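Over in TrEMBL, the protein carries these features:
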ACT_SITE  His34  active site, proton donor
BINDING   27-34, 146-149, Ile175, 183-186  ATP binding site
BINDING   Gln58  beta-alanine binding site
BINDING   Gln58, Gln152  (R)-pantoate binding site
Amino acid sequence: MKIIHKISQIREITKNLNVSVGLVPTMGALHSGHASLIEKSVKDNGFTIVSVFVNPVQFGINEDFDKYPRTLENDAQLCEKLGADVVFAPSVDEMYQDTRELTLVCPPYSAINKLCGKSRPGHFDGVATVVSKLFNITKCTRAYFGQKDAQQLFIIKKMVKDLNFDIEIVPCPIIRESDGLALSSRNSYLDENARKEALKLSRALNYSKELWQKGIRDKDILRDSALKILEGLDVDYVEIVDPETFEDWQETGKKALMLIAAKIPPTNTRLIDNMEL
Ligand code: PAF
């Protein structure tokens, strides 16, 4: 398996491939959630590229770009073990000549004025821009994204449709620890106590799902009971949306997706999680 840092080298390799190319876009610090995406791509495609790039354009000024874990050597070992063909790990300079004078891909306001888009202004412009660049660089046939980042997945699917990228987006289920914690590279920021507190996210989602299964459809009851479990965390949002449209869920809607974002004290780590009710 090769580790490649240059766009020109990736282009050279993919130019002559006559098999389907799977892309797994990541920011590294790979865990079993990423592993499930890589395994699926290896199974589905003749050639798999895992990109490892901590994308500065999707981080706000007070966010964790500098401290985001960078573990390329371990990541590459895992990718090789899982059967990936190439790790594409460009530098920031290789990807962006000048981030201040950059042509951005901007998702519509209606898709970003809520949930993570509301509390992280510019985040999804950065995600849509880097993902478009990775699509153009790798010329992939399929791209694999985790359902934990549900709003990101929704926005990327819409971007692919709106901009006619000839790429199949493959959503992959959330992978959880045995106690329910959704896997995330940011879990590495949590100490023992914070990790216990972080379990409140999946507990709140599971409890709302139980209520839903008992027939409760009142949005306030569902949200309030989740908020009660989340007490002690710095909650950014608890929302229920229609998973197809990401519009606010209406009580007549059949399917509902509950999403939570919260900072875990005292580490200030912002985690997200979601579950279909
Ligand atoms: O989900 C992520 O890790 C990132 O947002 C992505 C899709 C790799 C873009 O930088």
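Heads up, the Cβ atoms here are built off N, Cα and C, so glycines get one too.
What you see is a predicted model, and the numbers here were worked out from it, not measured in a lab.
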Run through the Cβ atoms and count how many others sit within 10 Å of the one on Ser185 (ATP binding site). 18
Local backbone state of Met27 (ATP binding site), from DSSP in three classes: coil
Met27, His34, Ile175: which of these recorded positions put a Cβ within less than 6 Å of any ligand 1 atom? Met27
In all the protein chains shown, the tally of other Cβ atoms within 10 Å of the Cβ of Gln147 (ATP binding site) is 19
Spatially closest candidate among His34, Gln58, Gln152, the listed recorded positions, to Ser185 (ATP binding site) (Cα to Cα): His34
Going by C-alpha distance, which of the recorded positions Gly33, His34, Gln152, Ile175 is nearest to Gln58 (beta-alanine binding site)? Gln152
